[in-house]
Structure formats: structure tokens, C-alpha cells
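Engineer: Pasting the relevant annotations from TrEMBL:
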- 18-151: domain 'dUTPase-like' (DOMAIN)
- R72, S73, G74, N85, L89, I90, D91: substrate binding site (BINDING)
Amino acid sequence: MANQSIEVRILDERLGDSIPMPDYATEGSAGLDLRACLQTPLTLEPGQTELLPTGMAVHIADPGLAGMILPRSGLGHKHGIVLGNLVGLIDSDYQGELMVSCWNRGHTTFTIDPGDRIAQFVVVPVVQADFQVVETFSASERGEGGFGSTGGQ
Ligand SMILES: O=c1ccn([C@H]2C[C@H](O)[C@@H](COP(=O)(O)OP(=O)(O)OP(=O)(O)O)O2)c(=O)[nH]1
Ligand SMILES: [Mg+2]
């Protein structure tokens with residue numbers, strides 16, 4: 001499933017004009033970069049978290065899909081700018097503005113300017129499980145082992 005049409009509403013008229021519309025940077029990009037639709041630069045102090053508007057809403061519509069908002073690796077690794085919710089999950093029936101929780105987990109202040117690329121949006125397949133209550137599971141190789149049960153190396 002390489003291409004999927006998803007409806008988008010532009011909520012900030014600067015998007016597609018002075019602020020570029022989010023797009024896949026390369027043919028093979030998994031995510032498109034979301035941009036901060038701020039009115040003025042925002043300085044995040046160490047430890048500070050702010051909810052930033054992206055100026056757009058998407059309606060994924062298909063319950064077999066979801067959106068994920070993920071950090072950009074450069075921002076996270078070099079500047080400590082990650083997501084306040086670690087990962088954002090966008091339901092297929094959500095029609096509101098895509099919002100990005102930006103958390104400065106670093107030790108220095110960081111300024112986000114209007115239009116800066118702050119996170120990335122990925123569309124992923126989803127399965128809604130039909131949970132069947134059972135008394136016991138049929139045996140598996142792992143069983144109940146977890147959290148390092150297979151050894152440290
Ligand atoms: O980073 C995010 C995470 C979520 N959302 C929107 C889309 C998502 O469909 C909705 C609800 O998100 P979630 O279910 O993770 O939050 P909740 O705290 O459970 O809120 P709700 O009670 O509205 O489901 O909020 C965003 O815009 N950005
Ligand atoms: Mg929820």
C-alpha cells in the first residue's frame with residue numbers, strides 16, 4: 001500500500017504559502033515533516049513542554065490506518081527536542097488540528113520559529129483486534145518470559 005489518499009484541511013492560511021505544506025522530502029520518505037504554525041518564535045526552557053499547532057487537520061477515515069507523530073531524529077538527538085507524549089497517535093476518526101507536544105528534555109533553551117519542522121507524521125496500518133476471553137493459552141516458545149528472560153547479550 002504505497003499511496004493512500006487522505007483528506008487534509010488547511011487551518012492556517014500561511015500553510016502552502018509562507019509556510020511550506022508538509023510533504024515527503026524524498027521518494028522513499030516514511031514521514032512528512034510537520035511545521036510549527038506559531039505566530040511568534042517560541043523559546044522552550046529545559047524541561048518545558050508546549051502544545052504547538054500545525055495549521056492542518058487530517059481525516060484518515062479508514063479504521064485500518066492511523067497516524068503517528070514521531071520526533072525528528074536531529075532535533076531529538078542534538079537538541080533534546082522530543083515529544084511530550086513521546087509518540088502521538090492520531091485516530092482515523094480525528095478531524096481536529098494536528099497538534100504536536102514539544103518537550104525540551106535537554107539542558108539548554110531552544111527556540112522554535114514559525115514554520116520550523118518540529119516532528120514527523122507517519123501513516124501506519126492498524127488492526128482492531130477482536131478480543132476473545134480464554135482460560136488458558138496454547139503453549140508458545142516464550143511462554144510468560146519477558147524483560148530480559150532470553151539473556152543479556
Ligand atoms: O500528539 C498528538 C496526539 C493526539 N492528537 C489528537 C489526535 C488523536 O486522535 C486525539 C486523541 O489522542 P489520544 O487518544 O492519544 O489522547 P487521549 O488523551 O486518550 O484523548 P481522548 O480522550 O480524546 O482520546 O488527539 C494530536 O493531535 N497530537
Ligand atoms: Mg484516547
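Quick reminder: no glycine exception, Cβ is built from N, Cα and C everywhere.
Note that the structure is a prediction, hence the values are computed from the model and not measured.
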Engineer: Would you list the DSSP helix, strand and coil counts for the residues of the domain 'dUTPase-like' (18-151)?
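Structural biologist: Final tally across the stretch: 7 helix, 52 strand, 75 coil.
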Engineer: Please identify, from the binding-site residues L89, I90, the residue with the sparsest Cβ neighbourhood, meaning fewest other Cβ atoms within 10 angstroms.
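Structural biologist: Least crowded of the binding-site residues L89, I90, by Cβ count within 10 Å, is L89.
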Engineer: Those binding-site residues, R72, S73, G74, D91: which ones have a Cβ sitting under 6 Å from ligand 1?
Structural biologist: D91
Engineer: At 10 angstroms around each C-beta, which of the binding-site residues S73, N85 has the fewest other C-beta atoms nearby?
Structural biologist: S73
Engineer: Please give me the CB contact count at 10 A for D91 (substrate binding site), counting all chains in the structure.
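Structural biologist: A count of 12.
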Engineer: Restricting to the domain 'dUTPase-like' (18-151), what is the model's mean pLDDT?
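Structural biologist: Across the residues of the domain 'dUTPase-like' (18-151) the model's pLDDT averages 97 on the 0 to 100 scale.
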Engineer: Cβ distance under 8 Å to G74 (substrate binding site), same chain, sequence separation 6 or more: which residues?
Structural biologist: none
Engineer: Within 10 Å of the Cβ of R72 (substrate binding site), how many other Cβ atoms can be counted across all chains shown?
Structural biologist: 19
Engineer: Widest Cα span across the substrate binders R72, S73, G74, N85, L89, I90, D91, in Å?
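Structural biologist: That value is 26 Å for the farthest Cα pair.
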